[in-house]
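As recorded in TrEMBL, the features of this protein are as follows:
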type	residues	note
ACT_SITE	C79	active site, nucleophile
ACT_SITE	H152	active site
BINDING	D39, D40, C79, D299, N300	Ca(2+) binding site
DOMAIN	31-431	domain 'Sulfatase N-terminal'
CARBOHYD	N214	N-linked glycosylation site
CARBOHYD	N500	N-linked glycosylation site
MOD_RES	C79	3-oxoalanine (Cys)
SIGNAL	1-26	signal peptide
Amino acid sequence: MAVYATATRSPQLLLVLSTLGLLAIGAPQPPNIVLLLMDDMGWGDLGVYGEPSRETPNLDRMAIEGMLFPNFYSANPLCSPSRAALLTGRLPIRNGFYTSNAHARNGMPPLTRHPAAYTPQEIMGGIPNSELLLPELLKKAGYTNKIVGKWHLGHRPQFHPLKHGFDEWFGSPNCHFGPYDNKVKPNIPVYRDWEMVGRFYEEFPINLKTGEANLTQIYLQEALDFIRTQHARQSPFFLYWAIDATHAPVYASRPFLGTSHRGRYGDAVREIDDSVGKILSLLQNLGISKNTFVFFTSDNGAALISAPKEGKFCFLSSGPSMQKVLQSMHSAVIDPGGSNGPFLCGKQTTFEGGMREPAIAWWPGHIAAGQVGGLAPVRMSRSRAGSVEECPCQSGTLLHGCLKGVLHLFQVSHQLGSIMDLFTTSLSLAGLNPPSDRVIDGLNLLPTMLQGHVMDRPIFYYRGNTLMAVTLGQYKAHFWTWTNSWEEFRQGIDFCPGQNISGVTTHTQEEHTELPLIFHLGRDPGERFPLSFASDEYQDALSRITPVVQQHQMSLVPGQPQLNVCNQAVMNWAPPGCEKLGKCLTPPESVPEKCSWPH
């Protein structure tokens, strides 16, 4: 078993240590920061995480050259609150990205068989001016900041990303749903900086029948051009590449359509993988890879909304207890879209499949590559392309794999990580302190990445205004369980297809605050076998979790909820720049009303 160093809990000391580390290596300027945020991509979608098609060679290579985080979490099982958490370093309950209109409801409108969680055009709220976003703070260290892709923190003028620290933007304020008739609802605009340059399904077509769209290629070119420009200016930069090809309706460009064993979703993943490879190659070719920190992750788990009732997972994770669990799950459901690996349910839920994300850190020359610290070596052979002949693993090994027939060992951190940590870690990279006038939930992961430290910390799972669960160490306690209503479930809307677990994946809101359901995620990552209430293990876990939760709840000051009020008049009828294009639309009468969130 690996022996882990325990880091001090002082964030100030960690910041000093990490900054001294940067100065010691003689960095000429703060490192560039590239955050690659995917949309609805699941933990099990990458080859390095065991996806059997192994169609992500560039991301797998990124993992080989960097560090893998198998225990990395979103701050919410939905797109918009998760993105708010990343850019503020704060839980959505603090930054306002939740609704108080109903108990434990996600911010999502009452759609039917194809729901997707998003801040819809009717929402009047967005990121409050009181919140300090990562790009605003990075400006103090001389960074030039660009967002490419989905903003999702409010589409009204006061919420524009260039008013919150970004210098450039190419992308959209909302998801790429549509097409709409521009009468009852307008098509979503695409912006370049301050003004719209077109709309989805119009100037930026998406063929719903074939899945063809060139958006990922456009987003890639935006990223490459920005990197080249900032390199020529010798300016530190922050690139937030938040693309949405794996969010329904899934799309890919023509060269990638039909190339995956996993259908259209796999085509989109392959194009993303190819794009990430091009971004990393450019950094290397420009000679700035050693001064550029790159992190890849997703905003929430894969959406399992219309999965079939057959299929199976195949993983290269090991360890005796893990293998037994995974072997028992070979008949589990997989979605023709994303995969959440061995975990329960998906997007919309606070089970592991909804909030545990793929995560890879890459920083050549700083993050050591190609080893598994403290773990037993693994040997693996591959005799035919695409088929693993044998995979004998010694106890304790977590992840390993072959690339082009060669065995590679991945450096793996068992740190419980959060998407909010990217806020604090990025500030540390820039030599900045996090704001001291508010609670910051994100940790600085540089001691983990550079020195192998593992810090104790809880992971809080919120759904709307409700704390649903918490993980501390290997134990996860559920205080509330539910997936969606019986009414929706009977209509065919199932967030956990093929994974019904009595008393766990409930269709009514079940309270467990007096006696939480507790799972050992090391032995039971699928949350199928709750510990016996009478067991010593349960009592010991409960005794450690209870004071952490009590302290959190006693000190919590919720932000003003931003997802409570809807108004059709605030939709994207006449975005800035519409006059130049002749694409301004007439809004209806303004009628603010309480938003209805069914789940």
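Here the Cβ of each residue, glycine as well, is placed from N, Cα and C on the backbone.
Known features from TrEMBL, placed on the structure.
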residue	record	Cβ neighbours (10 Å)
D39	Ca(2+) binding site	28
D40	Ca(2+) binding site	27
C79	active site, nucleophile	29
H152	active site	29
N214	N-linked glycosylation site	15
D299	Ca(2+) binding site	30
N300	Ca(2+) binding site	33
N500	N-linked glycosylation site	13
Of the recorded positions listed as C79, H152, N214, N500, the one whose CA lies nearest the CA of D40 (Ca(2+) binding site): C79
Spatial neighbours of D39 (Ca(2+) binding site), counting only the recorded positions C79, H152, N214, N500 and Cα distances within 10 Å: C79
Listed recorded positions C79, H152, N214, N500, filtered to Cα within 10 Å of D299 (Ca(2+) binding site): C79
Between N214 (N-linked glycosylation site) and the residue listed as 'active site', the C-alpha gap once rounded to whole angstrom: 21
Mean of pLDDT values spanning the domain 'Sulfatase N-terminal' (31-431): 84
Rounded to the nearest Å - Cα separation of H152 (active site) and the residue listed as 'active site, nucleophile': 8
Cα distance (Å, whole number) from N300 (Ca(2+) binding site) to N500 (N-linked glycosylation site): 21
